[in-house]
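Step one of this worksheet: look at the structure below.
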Amino acid sequence: MKARTRWDEVCTVDDLVPESGVAVWTEDGPVAVFYLPHRLPALFAISHSDPFSGANVLARGITGDLKGEPVVASPLYKQHFSLRTGLCLEDDSVRVKVYPVLLDGDRIRLEVPVIQHESIAA
Amino acid sequence: MSKKTLIVIGNGMVGHHFLEQFTASAAATGFQIIVFGEEKQLAYDRVHLSEYFGGSTHADLAMGTLEWYSEQGIQLHLNEQVTGINREARRVTTSRGSYHYDKLVLATGSYPFVPPITGNDHPHCLVYRTLDDLDAIRTSAEGARTGVVVGGGLLGLEAANALKCLGLEAHVVEFAPRLMPVQLDTDGGALLRRKIEELGVQVHTEKATTSIVDGESARLRMNFSDQSFLETDLIVFSAGIRPQDALARASGLEIGERGGIVIDNQCTTSDPHVHAIGECALWEQKIYGLVAPGYTMARTLSAALNGDRETAFTGADMSTKLKLLGVDVGSIGDAHAQTPGARNIRFNDEQAGHYRRMVISEDGKTLLGAILVGDNSHYDTLLQYALNGITLPENPETLILPESQGGVPALGPDALPETASICSCHNVTKGDICGAIDAGCSDLGSVKAETRASTGCGGCTALLKNVVDNELEKRGVEVSKDLCEHFPHSRQELFHLVKVNGIRTFRALISQHGKGHGCDICKPAVASILATCWNEHILATDHVPLQDTNDTFMANMQKNGTYSIVPRIPGGEITPDKLIVLGQVAKEYDLYTKITGGQRVDLFGATLSQLPEIWEKLIAAGFETGHAYGKSLRTVKSCVGNTWCRYGVQDSVGMAIRLEDRYKGLRAPHKVKMAVSGCTRECAEAQSKDFGVIATENGWNLYVCGNGGMRPRHGDLFATDLSDEALIRTIDRVVMFYVRTADRLQRTSVWMENLEGGLEYLKEVVLEDSLGIGEELEQHMENLVGTYQCEWKTAVEDPEKRKRFREFVNAPSQSDPEQEWTIERGQRRPALESV
Ligand SMILES: Cc1cc2nc3c(=O)[nH]c(=O)nc-3n(C[C@H](O)[C@H](O)[C@H](O)COP(=O)(O)OP(=O)(O)OC[C@H]3O[C@@H](n4cnc5c(N)ncnc54)[C@H](O)[C@@H]3O)c2cc1C
Ligand code: HEM
Ligand code: SF4
Ligand code: SF4
């Protein structure tokens, strides 16, 4: 059975900060959306929650690339997470959730799972 | 071919190390391995057990993972005690079943000895060996005020520290006349006692406990043989360990007179199918209560099971180096001079609290043992002399004298023989390290990964780095000064590129002089350089993504994702009205409030979206940002000076405010701290600051490049009797020269230590203007002072910049669900994560 998902609008292009991240609130919890205008693709979305501290802070980390891999560094304990796969570069047993993200006009949409009670109602 | 069965009893440090060694060897394919552990948890690092009280969890301390065990095909039975061994039938019985073995390994460790004192079974009488023990201590400490540790040895003092950390008044009761009787002598023990008492732990020596009864003012009373008594709420016994040999004894294996399972050089017991390793094993009448010898036994046994009869356990070095309650203690080899003809050299500086003793051979050529208290910096060198039998210099006392009295610096890595043991936990020699480097390791990290050196107790970290650096240098490997993979330049080179080419953005710099997109190393470093050169607002669009979160949001992020707020209070002087505003704001937003060591007030627990509102209020009341988040000037601490103090000779507060207002906001390679004292009594502790100013009858003395903290450094006296103007001119020049030439994240103290020519050179540049750049430095500083802006003021006034402070850009009213709070001592603080 395939889990049901939906493309939710979370913010607009104006809300984004080039080369950095912003946090958005989704039904699946807080998500960090990054805009790296000098790369293709330029948009990435991963969970906002830092698995090492449990704090919602990843959108506030410094972005960049390590050996070509786009990454964000946790602002608390500085581990790097791949923006493509969510994998932690320092500890490959740790991975944060990755969300498909797209630009629709000037709106940013995220693919989030539809939560159970809604799918029953639908 | 059907596999044979190998059973390991005990899943402790040594048992686990054996499994690591054995599963990697050829013989492992022939065995099904079954492991029984009595504890609930997977093997963990007992050596660092006390860190459990410092916040480490079992996961932090664990030595392996359940996945690893299943990948290796090991059947792991935790929380299952082995209750009997039947050697004829080759079966073990456990609390849950019975299993056949072909080979049996006992790695049962030891248990704490509890002296047979009436009342020792009271529920608040505890021991200190396992995670469960620590949980019990933590529970018992609730509602307790005092705690006693019975036993003043190494573990006892560690336990005392733990009690102290739990907030108890800690006592140590020792039977012998001094602390750590095994490792230390009378003078060493006395000094250790003095230091430990200074830390608030009360030491009672020559006390034999006769009974434990109900107390009057506390839960328990300990009665001593000299009729005295002590009341306490809990007791931790740490009176030594005993080998856990009960199973072996009951099954008729040979046991030593005072306990311990007798083993030969291959770790085989009196039954050829049964082996013993670690603290339960007795080799030549000796029990080894340390982890390194246990690891050596584990390696020896693994080799033996692979048919290697050459590898043998031949005893182990029992030298130890530790920090007990923050006090360095070291003991090497024959510390008590029991070798016939041994001679002693002692150095005892009661003032500084340093005691060092060398035990040397009759002919004065070799070092047999040593004792160190108060300062372990000589340990590595002495240990190498003792372990490798290196011939002592003609005047061996120079090895323990302070340098000012003719002492010689530490033994260089070149002087060590190839066989010198660098890491005793994993038995790595200098030769192994050279081998790893020859095989392609080109930095410390890869040498550690390859040899495992320094991944045990960590005691050899500094020595290992020395050896690796030295070997790399000898092979002509340049220890790279590149900032990171994106820039093949040092910070100083980048500074020049930015300045000379007038580069104003990160993007321009990386496209012209680097590659890729940058990272969390180079971005903040470049941001700092750009700020020093051009002083634009740090939230200007191009600069935002370069900054560490602390700089981006102009506040320090705390562990739960909230921020702290530190307004500038120049010189620590504040009007009652402004103080009231701080209180009102803190109250309105329920901010945890603390006075910092920098003479100002820190407000904790503001969320991202509250920051601009709070600052708006503070700015309206006349406050400015304190730059507590930046690599920049923190505070200028001051004493009250001659306006009030009867000893003061200058206005220290006035000067501190003047300096703080001048240098506030200046971006530097690292934070900069200053202080001004009003007379030589030095109440502001200026000599521990990057820039320290002390008033004289005739003006000001300036000290530079001091530091407090982890590596304290006394500031160097730079100039004397300066007028106000001369003082400021001199500081201008030194600060600017530091900003221009230091490495990324290099404090002034380290900068000074690495500056070629040192203090004299700096004096030439600044006081004699030997490079002819004095005026340029001053001019640069003038520009920076002239373009200062309170970053928070600019930010709250600009709606675009304020947009950055939304917690969730699409849900302004949504609060962060992860932030949980609890009340402690009347204030709100983050709740510790519940596990
Ligand atoms: C607080 C503390 C600090 C220390 N600091 C240092 C230090 O700085 N340096 C140093 O070198 N050493 C230190 N040590 C000593 C070090 O921890 C030991 O040398 C090491 O743990 C010994 O390993 P082991 O495997 O022999 O025993 P253990 O680690 O004790 O493991 C034995 C295991 O066997 C289990 N077991 C016993 N009987 C049975 C049974 N019948 N059935 C099933 N399981 C059983 C036990 O429950 C235990 O888990 C310290 C110890 C403590 C407690
Ligand atoms: C690696 C070492 C250090 C780190 C990581 C560190 C970190 C910090 C941080 C983050 C703050 C700000 C607290 C906040 O507002 O959130 C702070 C403040 C402070 N630290 Fe440190 N610090 C270090 C070393 C030192 C040393 C060595 C000293 C003293 C000798 C020291 C003294 C202070 C003081 C006095 C303050 C308060 C300053 C003020 O009023 O702004 N720190 N430190
Ligand atoms: S340093 Fe001197 S002037 Fe300042 S408070 Fe101390 S005694 Fe007074
Ligand atoms: S000493 Fe400094 S770094 Fe350590 S906990 Fe205290 S404030 Fe934090």
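Here the Cβ of each residue, glycine as well, is placed from N, Cα and C on the backbone.
Since the structure is predicted, the reported quantities are computational estimates derived from the model, not experimental observations.
As written in TrEMBL, here are the features:
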- B:5-287: domain 'FAD/NAD(P)-binding' (DOMAIN)
- B:319-384: domain 'NADH-rubredoxin oxidoreductase C-terminal' (DOMAIN)
- B:422-468: domain 'BFD-like [2Fe-2S]-binding' (DOMAIN)
- B:558-620: domain 'Nitrite/Sulfite reductase ferredoxin-like' (DOMAIN)
- B:630-768: domain 'Nitrite/sulphite reductase 4Fe-4S' (DOMAIN)
- B:Cys639, B:Cys645, B:Cys679, B:Cys683: [4Fe-4S] cluster binding site (BINDING)
- B:Cys683: siroheme binding site (BINDING)
- B:806-835: region 'Disordered' (REGION)
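Taking the features listed in TrEMBL, we show where each one sits on the structure.
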residue	record	Cβ within 10 Å
B:Cys639	[4Fe-4S] cluster binding site	27
B:Cys645	[4Fe-4S] cluster binding site	16
B:Cys679	[4Fe-4S] cluster binding site	20
B:Cys683	[4Fe-4S] cluster binding site	18
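Here the region 'Disordered' (B:806-835) has long-range neighbours at 57, 558-562, 590-593, 604-605, 607-609, meaning same-chain residues at least 6 beyond its ends whose C-beta is under 8 angstroms from one of its own.
Across the domain 'Nitrite/Sulfite reductase ferredoxin-like' (B:558-620), DSSP assigns 27 helix, 14 strand, 22 coil. Residues B:Val640, B:Gly641, B:Tyr647, B:Gly648, B:Ser652, B:Ser677, B:Gly678, B:Arg681, B:Glu682, B:Ala684 surround the recorded [4Fe-4S] cluster site, their Cβ atoms falling within 8 Å of the Cβ centroid of B:Cys639, B:Cys645, B:Cys679, B:Cys683, which are themselves excluded. Residue counts for the domain 'BFD-like [2Fe-2S]-binding' (B:422-468) by DSSP state, with H, G and I taken as helix and E and B as strand, are 25 helix, 4 strand, 18 coil. A coil conformation is recorded for B:Cys639 ([4Fe-4S] cluster binding site) in the three-state DSSP classification, outside any helix or strand.
Using DSSP to sort the residues of the domain 'Nitrite/sulphite reductase 4Fe-4S' (B:630-768) gives these counts of helix, strand and coil: 53 helix, 35 strand, 51 coil. Within the domain 'NADH-rubredoxin oxidoreductase C-terminal' (B:319-384), the DSSP-based counts of helix, strand and coil residues read 6 helix, 33 strand, 27 coil.
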